[in-house]
Amino acid sequence: MKQMIIHGGKPLQGDVWIGGAKNSTVALIPASILSHAPVTLEGVPRIADVDNLMDLLSEMDVVSDFHKTTLHINPENIKMSPLPSGKIKSLRASYYFMGALLGRFGKAVVGFPGGDDIGPRPIDQHIKGFEALGAIVENENDQITITAPAGGLQGATIHLEMPSVGATMNIIMASVTAQGQTVIANAAKEPEIIDLATFLNNMGAVIRGAGTDTIRIEGVEKIAAKTPHTIIPDRIEAGTYISLAACIGNGICIHNIIEEHLDSYLAKVEEMGVVIEADEDSLYVYPAGDLKMTQIQTGSYPGFATDLQQPVTPLLLTAKTGEGVIIDQIYPKRVGHIGQLRKMGADIQVEDNIILVHPTEHLQGATVSAGEIRAGACLMIAGLMADGETVINNAGNILRGYDRVEEKLHLLGADVTIQDVPDK
Ligand SMILES: CC(=O)N[C@H]1[C@@H](OP(=O)(O)OP(=O)(O)OC[C@H]2O[C@@H](n3ccc(=O)[nH]c3=O)[C@H](O)[C@@H]2O)O[C@H](CO)[C@@H](O)[C@@H]1O
Ligand SMILES: C=C(OP(=O)(O)O)C(=O)O
């Protein structure tokens with residue numbers, strides 16, 4: 001098990017550079033197998049999800065090579081292989097191999113995906129999409145087998161019941177080479193969807209409307225990468241460092257940001273009183289003064305991201321008066337961090353899945369556990385604010401999605417180490 005040890009209470013300052021978006025990267029790597037030529041991805045974050053996806057690629061004889069921030073993937077000798085379990089369970093996004101294998105071979109055999117413990121995460125909309133394209137979907141022994149009809153997948157209109165990021169991406173991957181037109185109505189609008197569409201369109205796919213709620217895909221016979229693709233910056237990593245900077249920063253500049261991707265988040269923290277100055281692709285967060293308490297409801301993009309509700313929670317604790325309310329409408333059960341924050345002395349409760357936050361003058365280091373990636377980010381910020389030593393168990397969950405986090409925190413002056421300890 002990985003353990004993060006923090007000696008907190010010191011103001012941090014300096015510069016931090018945001019990596020490529022985890023939620024783009026974990027879709028683009030599976031999508032690369034749709035290419036009939038080698039793929040180059042630039043700006044790839046150093047995160048455990050990437051290592052696990054590379055292992056899954058190698059199970060299909062797809063050679064990949066990751067150097068600095070460049071990932072080369074050569075799918076030219078790919079063999080159609082079932083991906084029943086093992087690494088499939090280590091991350092949520094392994095489900096993108098369903099759409100990608102279906103698009104490439106007309107068949108996918110993929111184990112049920114793993115991922116964060118944040119409440120129920122059904123994939124019925126993904127399945128509905130594959131079936132609308134004519135595929136037969138069988139679910140047996142925790143393994144999903146998806147088979148295209150004899151004449152290949154046929155374009156169709158799919159109305160998603162909710163704007164699911166994963167279903168939108170999976171249907172795009174499956175339909176890029178389907179016959180005729182596919183329409184995804186009530187599609188997710190997240191920036192990572194646009195990134196996937198840009199990546200595939202540059203390979204010869206015809207996808208229009210990504211970033212709106214109606215996406216139209218005209219099937220083409222084959223696609224092949226021609227130019228390297230640079231992954232968009234990670235808006236969730238950026239939001240995490242903004243929260244950290246406002247909680248414990250003495251002036252922090254965060255580089256490689258697309259500000260527009262953070263609009264609803266920035267509006268909220270600025271409403272609380274955090275002063276932020278924007279430059280071209282960077283934001284400077286001033287040391288925070290007295291902050292106002294606030295209420296937050298998460299929603300689909302462009303709403304307040306569920307993946308930022310936990311990283312922003314320590315900031316609400318620093319408000320001087322009032323009661324804060326956080327409601328996660330996407331994952332109402334995503335409240336595992338609250339009990340851990342209470343161990344550190346936070347005045348915070350959960351009632352009927354609603355998080356109630358009260359001003360907390362002092363956090364004290366404690367031994368806590370990162371039940372999932374963003375709970376880990378929340379505890380990491382709390383540990384940096386707290387007096388004394390904080391030990392975060394299961395810190396591997398932080399490393400799933402935070403690029404070179406130890407190195408970045410050191411650059412800001414933090415006393416943080418990550419170590420391996422035997423599992424209990
Ligand atoms: C790898 C990746 O990109 N992960 C992100 C992605 O997850 P993921 O793609 O899994 O999340 P979705 O957008 O699909 O989920 C949104 C909501 O729809 C529900 N739903 C989804 C699909 C489905 O078939 N049926 C169904 O009921 C989910 O339970 C959830 O309440 O978007 C989430 C919501 O922004 C983020 O928290 C995750 O970081
Ligand atoms: C829930 C998340 O990730 P995943 O969908 O990969 O589990 C997240 O990034 O906050």
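Placement of Cβ uses the backbone N, Cα and C atoms for every residue, glycine included.
Of the residues proposed, Ile276, Ile330, Ile338, the one TrEMBL records at the same UDP-N-acetyl-alpha-D-glucosamine site as Arg92, Arg121, Pro122, Ile123, Asp124, Gln125, Asp307 is Ile330. Remark: of the binding-site residues Lys22, Arg121, the most isolated position is Arg121 (fewest other Cβ atoms within 10 Å of its Cβ). The maximal spread of the UDP-N-acetyl-alpha-D-glucosamine binding site, taken as the longest Cα to Cα distance among Arg92, Arg121, Pro122, Ile123, Asp124, Gln125, Asp307, Ile330, is 22 Å. With a cut-off of under 6 Å between the Cβ and any atom of ligand 1, the binding-site residues Lys22, Pro122, Ile330 reduce to Pro122, Ile330. Other Cβ atoms within 10 Å of the Cβ of Asp124 (UDP-N-acetyl-alpha-D-glucosamine binding site), summed over all protein chains shown, number 10. Cβ-based neighbour count (10 Å, all protein chains) for Ile330 (UDP-N-acetyl-alpha-D-glucosamine binding site) stands at 19. Among the binding-site residues Asn23, Gln125, the residue whose Cβ has the fewest other Cβ atoms within 10 Å is Gln125. For the binding-site residues Arg92, Pro122, Ile123, Asp307, the greatest number of Cβ atoms within 10 Å around a candidate Cβ is found at Asp307.
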